[in-house]
Amino acid sequence: MLFSRSGRSIFPLLPPYAAHAPNPNQGHIIALPPDGLTPYLGLRARLSQVWINRWTILLLLVLVRVLLAASGLQADMSTAKREALSACTSVESMGSSMASMPHYLSQGVNELTATGVEKAVSGLKSMLMLTITGVEELVLFIIKVLYQTYLCLFTLAVRGSVHVAVGVIKEAADFLNSTVKEVGDDIGKAVSTFESAFNKFLDGVNTVASAFGASVPTLDLNSSISTLENLQLPSSIDQGLDKLNSSLPTFDEVNNFTQTVLRTPFEEVKKLVNESLGTYTFDRSLLPVPAKEQLTFCEGSNGIDSFFDSVTDLVMKARKIFIAILIVAATLACVPMAWQEIRRWRSMKERSQLVRKEAHDPMDVVYIVSRPYTAAAGIKAASRFSNSRRQILVRWAIAYATTPAALFVLCLGVAGLLSCLCQYLLLQAVEKTVPELSTQVGAFADKVVDSLQNASAEWANDANGVIGHMSQDLNENVFGWVNTSTTALNDTLNTFVDKTTGVLNDTFGGTLLYEPLMDVFGCLIGLKVQGIQKGLTWVHDHAHIDFPLLPNDTFSRGAAASISSNSSNPSDSFLADAGDQTSNKITEVVIRVVNKVEDGIRTETIISGVIILIWVFIALIGIVRALTLFWVRDRNRGEGGGARVNHHLSDAGGFIDVPLTAVSNTNTDARSMPPPAPAPRYEASTSTVVASRAVPVSSTHHEDEKLGFAGERQYGSALKVDGAADLRGSSYVEYDMEKR
């Protein structure tokens, strides 16, 4: 039966193919040429819609998402810029306050320094007074001990020696006086006898001599003997020793002289110390006060503006790059899609011949024609199996995983991952600039510390100059007199030694005691005086004062330590809030934006991954079902399986019944439709060779069906184009038989 216009009432979407026939009364359907005027889309019409292929659309959607992400990132960076500028302004104000701290702290530090100097000078005065008095009394005590000890030894030696000498002289004088008188008397008696005899002799001689007119004098020794009798040692023989004994020195003059001379320099030093340090007050106006500092580092070429401007330029550049790349990719995607459409069109034309042949499974033919690539992939994978049942299951699993809905889910997930990748690349480009901001923030801290160090160093230099001048003044006015007094004391000791030596020289000069006394003096006093002089010389060389100077980092040490690399706690930085774990507030703003975008990318990646996992789950469902049926033998009718599908038999005219009434039209109101008409019949084309003829059905065949035999299924004819098999020679034969 031919199609008629009344067929439109049965299936409104079915075209009136018989209307195209040259003679409507003929009983054959005229096939329309594919390149002519057809109700379906031709190649040119298909190619006109290549630009809206799925990959171009997905790439454009990715581009839109990347542009939205770039715009969102730019908006977030603008917000971060405002927050960073606000934080930078706060840091700038705090840095200016920190840099101005020397101005405020110097007043208190100056007062502390001045008070410390005054207290030190007051303590120095007390120490000097006590030291001078102690040294004065100590020197006098030592000298007094020395010369009094020497005086005791001297008196002992001299007086003992004089007393012994005077006693010896007196005894010797008394002995000599008594002995000489007795000797004189004895000599006088002897001389008188001799003189009488001698005079008598002389008288005889004179008698003779008178004859010659001469005379001999007589001997008279009485006067000499009287003199000898009256001879005695003079009483003045021990007057010198008595005088020496009575004239031993007591060194009272030396004592008075020494005390007068020694006390004079000490008293002068005390007087000068009292005059110089009596009411010493440090002049606080001499200490400097640094000026206030105003730091500006938030603006300018190295400020926050330049950083965020560079980030904005980077985002804009990245957006342009993504626009260019994705648009070019979307455009280039049209080329393979156009080639794919051309191949699909050719494949559809080739495989459309299957519709004109008798196919055992027309749905398979429709699937192969409508989904050429997925069907080809299934056939390619199924060709690796020799069992027809497994070939069917493999094709079914691939078809299940490549339905338009499943592929839409897969493409959506892949597009989401591609979008996340583009956003990640953009984020990585922005993250590379964060260390630059950290470096700039570190430079901000360095600027504050440098300003503090400069102010602190300038203040310390000026203050140290004042302290040095004060130390020099004290050394000249106070310790200068100490040096003078030590020199004078050394001179006094020399004078003491000279004076003592003079006294000894006047007393014992030219005597036997002079040398021993001088040796004792040098041993007992001279060596001690030399030791004292050495000590005074050391005091003279080291008597000066040096007040400790102020370090150059008085005001900057703490700030410099807080940003140093040795700081274990980043929150110690003076640019960080209390409790912050980041190094400062400025980089925290940018890091927060980066973390926000990163969280968004992570969320989108998870969503895209879940979408892909949904497709994987769908594919696994098909794979699991196919694997389950892989090892299950198909049950025949006798085992509870389904009935055998009868082949449509061609009648004598070559027509086949097409049950068009089996297709329900849910969009049409049943009341508006006319009653169903008999199903039309297709007329076989005279130019087409039927690939498969009707199989005569014997009674035995019907009996086999009743008994449950599956019978043969001619799947091979459904996959042949122009008599050639589309698969291997082992295509679909028997379920339970391997190919031969």
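Quick reminder: no glycine exception, Cβ is built from N, Cα and C everywhere.
The feature N-linked glycosylation site is assigned by Swiss-Prot to Asn177 (among others).
Annotated N-linked glycosylation site per Swiss-Prot: Asn222 (among others), in sequence order, evidence recorded as sequence analysis.
The feature N-linked glycosylation site is assigned by Swiss-Prot to Asn245 (among others), with sequence analysis given as support.
Remark: Asn256 (N-linked glycosylation site) has no non-local neighbours by Cβ distance under 8 Å and separation of at least 6 in sequence. For the recorded site, Asn256 (N-linked glycosylation site), the DSSP three-state label reads helix. Annotated N-linked glycosylation site per Swiss-Prot: Asn256 (among others), in sequence order, evidence recorded as sequence analysis.
Annotation comment: Swiss-Prot describes Asn274 (among others) as N-linked glycosylation site. When secondary structure is read from DSSP and collapsed to three states, Asn274 (N-linked glycosylation site) falls in the helix class.
Annotation for Asn454 (N-linked glycosylation site): no spatial neighbours, criterion Cβ-Cβ under 8 Å with sequence separation of six or more. Annotation source Swiss-Prot lists N-linked glycosylation site at Asn454 (among others).
The feature N-linked glycosylation site is assigned by Swiss-Prot to Asn483 (among others), with sequence analysis given as support.
The N-linked glycosylation site annotation in Swiss-Prot covers Asn490 (among others).
Residues or ranges marked as N-linked glycosylation site by Swiss-Prot: Asn505 (among others). Neighbour list (Asn505 (N-linked glycosylation site), Cβ cut-off 8 Å, at least 6 residues apart, same chain): Tyr514. DSSP assigns Asn505 (N-linked glycosylation site) to a helical segment in the three-state reduction.
Among the features that Swiss-Prot reports, N-linked glycosylation site is placed at Asn552 (among others), with the record citing sequence analysis. Every protein chain considered, the tally of other Cβ atoms within 10 Å of the Cβ of Asn552 (N-linked glycosylation site) stands at 17.
Swiss-Prot lists Asn566 (among others) with the feature N-linked glycosylation site, giving sequence analysis as the kind of evidence.
Taken from Swiss-Prot, the feature topological domain 'Extracellular' covers 1-54 (among others), and the record attributes it to similarity to another entry.
Summarising the annotation, Swiss-Prot assigns topological domain 'Cytoplasmic' to 76-137 (among others) and lists similarity to another entry as the type of evidence.
Summarising the annotation, Swiss-Prot assigns topological domain 'Extracellular' to 159-320 (among others) and lists similarity to another entry as the type of evidence.
Feature annotation from Swiss-Prot assigns topological domain 'Cytoplasmic' to 342-397 (among others); the stated evidence is similarity to another entry.
The topological domain 'Extracellular' annotation in Swiss-Prot covers 419-603 (among others).
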Packing count at Asn490 (N-linked glycosylation site) (other Cβ atoms within 10 Å of its Cβ): 18
Assigned element (helix, strand, coil) containing Asn552 (N-linked glycosylation site), judged by DSSP: coil
Residue pair Asn552 (N-linked glycosylation site), Asn490 (N-linked glycosylation site) - Cα distance, angstrom, rounded: 43
Cβ contacts of Asn274 (N-linked glycosylation site) (under 8 Å, same chain, 6 or more positions away): Lys125, Met129
